[in-house]
Amino acid sequence: MDKENKTYYRPIQLLGFEILHNYNILIFLLIFIFYSLTLIGNATIIILVSSSPSLHHPMYFFLCNLSISDLILTTSIVPNMMYGVLKGGITMSIDACITQFQCFGIAIMSECLLLAAMSYDRYLAICNPLHYIHIMNKENCLRLVILCWFLSFAMSFVMMILVRKLNYCGPNIIYHFFCDFAPILQLSCSTTFKVELVQKFLACPITVIPLVFIIVTYTHIIITILRIPSNSGRQKAFSTCSSHLAVVGTFYGSLITLYVVPSNSKNTLNANKILSLLYTVITPLLNPIIYSLKNMEIRLALGKHISVWKRTYRR
């Protein structure tokens, strides 16, 4: 006799920031401003890199894909979050919840891999400049980016299939503002040990190995920079890497803190929500700001586009 399907079809409730319901208007306005700036900033990076010949270099090609990843991350979470803040919570089906988790996974995993690819680009540019043009040509850059997106989609698809196979007949309340991996598993009445084991196994090549790779490459980069005899040369080399290091530190800092610290107590759950805001709202906003403020070529390309837009508008 077939096993009974115990999956329920009642909607899931995401409570979000229920303890701050008295400040829902203020929170909504802040998130709306951050989200709007994130859309404008990352869309500007994509437009500039796509339309400016001066930015047709590997570093900016990776940066353009990083902006696409940030847009996927924020758009899959923030609109629902804003609606939930206004309404005091949001309801969604289990299928919609798992789909949001899949989009979130694609964005997070692609960002991890793209940050590693960008560190490799900086490593070749500083530590092996004579072979940089031959290694980081257009074909290899395209292959590297396709590999990053393919691995992200493949890993996320595997996790989505495994999560969908679970039975959901337990509680239907998630004390979070989006459908993350752990909150979804808490809704299941199936044994989740195998799913958690697979998740940890897949997390290693997607998150841990890229982080170790970034640390190793930047160790070589710093050693090479310190060997540069002139102060101006060292300063220029450091300035080209500082933007990427700032983004890596912000992204991985919040990610590691969130998934390493246990989340048993209610205070820890509330702290996790704040940490989740860092990499779902703040980091996608900071990425284009950090790169544009530190990069003269992006500022020049933006200035040229603004001049063209002004002339077009005056006509």
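Indices start at 1 and increase along the chain as displayed.
Glycine is treated like the rest: Cβ placed from N, Cα and C.
Listed features, source TrEMBL:
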- 41-291: domain 'G-protein coupled receptors family 1 profile' (DOMAIN)
- 25-48: transmembrane segment (TRANSMEM)
- 60-78: transmembrane segment (TRANSMEM)
- 98-120: transmembrane segment (TRANSMEM)
- 141-163: transmembrane segment (TRANSMEM)
- 206-226: transmembrane segment (TRANSMEM)
- 238-262: transmembrane segment (TRANSMEM)
- 274-293: transmembrane segment (TRANSMEM)
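Taken as a whole, the domain 'G-protein coupled receptors family 1 profile' (41-291) shows an average pLDDT of 87 in this prediction. Residues 31, 34-35, 37-38, 41-42, 44-45, 63, 66-67, 70-71, 73-74, 77-78, 104, 108, 176-178, 180, 243, 246-247, 250-251, 253-255, 257-258, 299, 302 of the same chain lie 6+ residues outside the transmembrane segment (274-293) yet bring a C-beta within less than 8 angstroms of a C-beta in it.
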